[in-house]
């Protein structure tokens, strides 16, 4: 049976009555600042978004302002990217197995590694067309990744990000030397924003891996979300 898109808002405040696969490994934060109580939950997916978002901001900001050589930057970026890819697969493995989305995790890993190989080819091989199009390259790869995510989880939010990154890929070079900072803000900023909000996702499926008791727990949590 085909699974369609949900009618949930594209973005909204986070709900706390989450399914088991979202609660596994989640971080809970409760703070009080000037009498204002702040409480949030960061799932394994949120943690991966925060990891890649912070990494993207750092990498493109360093390209914008650092005095290091391109070769030095490429070596550092490559190492950080490989670490992030391994971390991503490890962090979201359980969630992805339950949601039947391991293919999506591996797709993102492939895109990031392909981008790293092409970037290194341009930097160490002195390939001009690659060097002057690094920002469009990474925006385009992220557009593909968000498109796959949007289709895989039936999310209008991620399909919207596909459009944003795709348009940016075709226009960012017009910003001249500022294109690296803007690229980092778009790629990293969108991911960091998603860590703070709840985005739309397809209706529940017949989850893999979970026991009957765990599925019953998810069913109960779903009812709580619908009434909150």
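Cβ coordinates come from backbone N, Cα and C, glycine included.
It should be emphasised that the depicted structure is a prediction, and the values quoted were computed from it without experimental measurement.
Same-chain residues lying 6 or more positions outside the transmembrane segment (48-68) and placing a CB less than 8 Å from one of its CB atoms are 42, 76-77, 80-81, 84, 87-88, 91-92, 134-135, 177-178, 180-181, 183-185, 187-192, 194-195. Summarising the annotation, TrEMBL assigns transmembrane segment to 48-68 (among others).
If you look up TrEMBL, you'll see 74-96 (among others) marked as transmembrane segment. Long-range Cβ contacts of the transmembrane segment (74-96) within its own chain (Cβ-Cβ under 8 Å, at least 6 residues beyond either end) map to 21-22, 24-25, 43-45, 47-48, 51-52, 55, 58-59, 62, 68, 102, 104-106, 108-109, 112-113, 115-116, 119-120, 123-124, 209.
Residues 70-71, 73-74, 77-78, 81-82, 84-85, 88-89, 92-93, 96, 130-131, 134, 137-138, 141-142, 144-145, 148-149, 152-153 of the same chain lie 6 or more positions beyond the ends of the transmembrane segment (103-124) yet place their CB under 8 Å from a CB of it. Annotated transmembrane segment per TrEMBL: 103-124 (among others), in sequence order.
Under the heading transmembrane segment, TrEMBL lists 130-148 (among others).
The transmembrane segment annotation in TrEMBL covers 155-172 (among others).
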Chain residues in Cβ proximity to the transmembrane segment (155-172) (below 8 Å; excluding those fewer than six residues from its ends, i.e. six or more beyond): 5, 10-11, 135-136, 139-140, 142-144, 146-147, 149, 179, 182-183, 186-187, 190, 194, 199-202
